[in-house]
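J.: To start, I am sharing the structure in question, which I have written as structure tokens.
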Amino acid sequence: MKLITILLLCSRLLPSLAQEEDAQEMDCNDESLFQAVDTALKKYNAGLKSGNQFVLYQVTEGTKKDGSKTFYSFKYQIKEGNCSVQSGFAWQDCDFKDAEEAATGECTATLEKRRNNKFSIATQICNITPGKGPIVTNEYHCLGCMHPISVDSPELGPVLKHAVEHFNNNTKHTHLFALGEVKSADRQVVAGMNYQIIYSIVQTNCSKEDFPSLHEDCVPLPSGDDGECKGNAFVDIHKTIAGFSDSCEFYPGDDLFELLPEDCPGCPRNIPVDSPELKEALGHSIAQLNAENNHTFYFKIDTVKKATSQVVAGTKYVIEFIARETKCSKESNAELTADCETKRLGQSLNCNANVYMRPWENKVVPTVKCKVLDMTSVIRRPPGFSPFRAPRVKKPKESTTVSPSYIARVQEERDPGNEQGPIHGHGWLHAKQIKNKNHQGHKHGHGIGHGHQKPHGLGHGHQLKLDDLKQQREDGYDHRHPVGHGHGQRHGHGHGHGHGRDKHTNKDKNNVKHTDQRRAPLTSSSEDNTTSTQIQGRTEGFTLNPPLAQPAVISRGFQDSGFTEGVIATTSPYDTETHDDLIPDIHVQPDSLSFKLISDFPEATSHKCPGRPWKPVSRKDPTIETTEFSDFDLLDALS
């Protein structure tokens, strides 16, 4: 697994190393990019002889190329400011001129970053649109500076064409090569132009014997050779390529072969695996296999995978097939017959046979080599099986899952004393009953929590009719006790003993209210109004696991009508109580930081382009600032 991890890391790392010198996009609000733009704009304003300076409006594009030298290439938009060229102000201290009269422009620049974090301009082209007038183009090129240019620049066309012709004319390769991809290009202004280009070449289907130079019918071969070249060209002032040199590295292609002619008597040819031509050759092959094999049973050809024939001084057959063990033994059968059936779990062989036949001499020379196929590993392991993924089967411990109602029933049988004596429950829950009827029946009973689960059991409390539980609201602290206390479906007074009246009416009953920091409404319905309570008691010999949700029959007890009515409800297998007194309420706003989820993976940083528009500082005229307070008198402030 460690080896696989290392290989994956290397596969991710190698492309990144190969692309180290490629241009990387930058955020248009990047500080270092702004410094480069500042240098370029100051250089442009310094070249103006009259008029106003230009102020940065917005950076629209930005790339960075790291290598032996670091270059910044970017585009930015400018607007005419209200500071003159001779004012001595920097462009940051100027405001925009009125939009109707102001000139606008866009500049494309390439700057080199030096070791002292200073920038030098390699090239800059600005297209200026006056407020009223045609576009004016201003170009600047650093004399003697080698700087990158666009690989799509039209000026590279003649240089690249000459580079490919130079390679084809000075190599001994049998085929012509064509231009693949231009990876980078640099230019230097001298008494002419120097170019440094890195490009790839690919082999075409045109041979040098048939084509003296590249033709429009020459297309790159998918599996042909390719290479990468570095070329240096010099173009004089007359736009003529006066010098060129290159160095290339070759990468051989995969599965490169020449197509054989259709009529080739001595060449191997593929034949169908079900061709009748193979019948005799297959017969000799299986006979040779059974003769050389010491196995007690005969083998029979099951599948022919591929076959070729070649005309030599006779015919040579090369066949690959799979042979399987049959039920016919060599002791009881003199030879293999067609009615011999193969064994379902018999041995299988992967065989390669060479059969040389000379019919006019009745000469047959078969040669068979076989390898045993391990069928057991194929049967036991599914496709894609890996020993690293073999599951470890862990025998689970024997345990018994017991539901709360079953625990109560067992406790009754083990401790009969609980049936008669009162059980004091400390259910610290005071609920306010909202009654919809004048008479509401209350039942004192011993059940699980509050309500009648069984006539006797753990806990006790009042039981209300199911129809009267449509509106309930809980006031006060809702204290939960972990052992034998709590409330179930029925809500009532948790204090008291398990003795009381069978029936009583209480129309105007005042319940004691307890002030609480929270008021939580409890919604109940006549159809589904069951809240399960986990009861922890004496359960020696049982292992309590969270059971699956299962229906529980809840008895409403004997009413005045004299019959028992059962209600089926779904009981939650887990404790639905929440210890609100231990966990404080945290009110979270939807837009707050705590409400937002944290991603498992870091978000990909997106490059923001174009950048934020520049907001110049309004520069006021000093004369106006002094005249604003010229009429101020100190006596006015003292009066």
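Cβ atoms are placed via backbone N, Cα and C, with glycine included.
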J.: Please work out, from what Swiss-Prot records, which of CYS206, CYS248 forms the disulfide with CYS218.
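T.: Swiss-Prot says the disulfide from CYS218 goes to CYS206.
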J.: Which of these, CYS83, CYS126, shares a disulfide with CYS107 in Swiss-Prot?
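T.: Disulfide pairing in Swiss-Prot: CYS107 with CYS126.
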J.: Return the single candidate from CYS328, CYS370 listed in Swiss-Prot as disulfide-linked to CYS340.
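T.: Disulfide pairing in Swiss-Prot: CYS340 with CYS328.
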J.: Using DSSP reduced to three states, classify ASN169 (N-linked glycosylation site) as helix, strand or coil.
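T.: In the DSSP reduction, ASN169 (N-linked glycosylation site) maps to helix.
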J.: Reported as an integer number of Å, what is the Cα distance between ASN294 (N-linked glycosylation site) and ASN205 (N-linked glycosylation site)?
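T.: Just about 53 Å between their Cα atoms.
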J.: Any idea what DSSP makes of ASN205 (N-linked glycosylation site), helix, strand or coil?
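T.: Assignment for ASN205 (N-linked glycosylation site) reads strand.
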J.: If you count other C-beta atoms within 10 angstroms, which of the recorded positions ASN82, ASN169, ASN205, SER332 is the most crowded?
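T.: Compared across ASN82, ASN169, ASN205, SER332, the most Cβ atoms within 10 Å surround ASN82.
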J.: If one measures from the C-alpha of ASN205 (N-linked glycosylation site) to the C-alpha of SER332 (phosphoserine), what distance in angstrom results, rounded to a whole number?
T.: 62
J.: Measuring Cα to Cα, how many angstrom lie between ASN169 (N-linked glycosylation site) and ASN82 (N-linked glycosylation site)?
T.: 61
J.: Once the chains shown are all counted, how many other Cβ atoms turn up within 10 Å of the Cβ of ASN294 (N-linked glycosylation site)?
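T.: If we count other Cβ atoms within 10 Å of ASN294 (N-linked glycosylation site), we arrive at 5.
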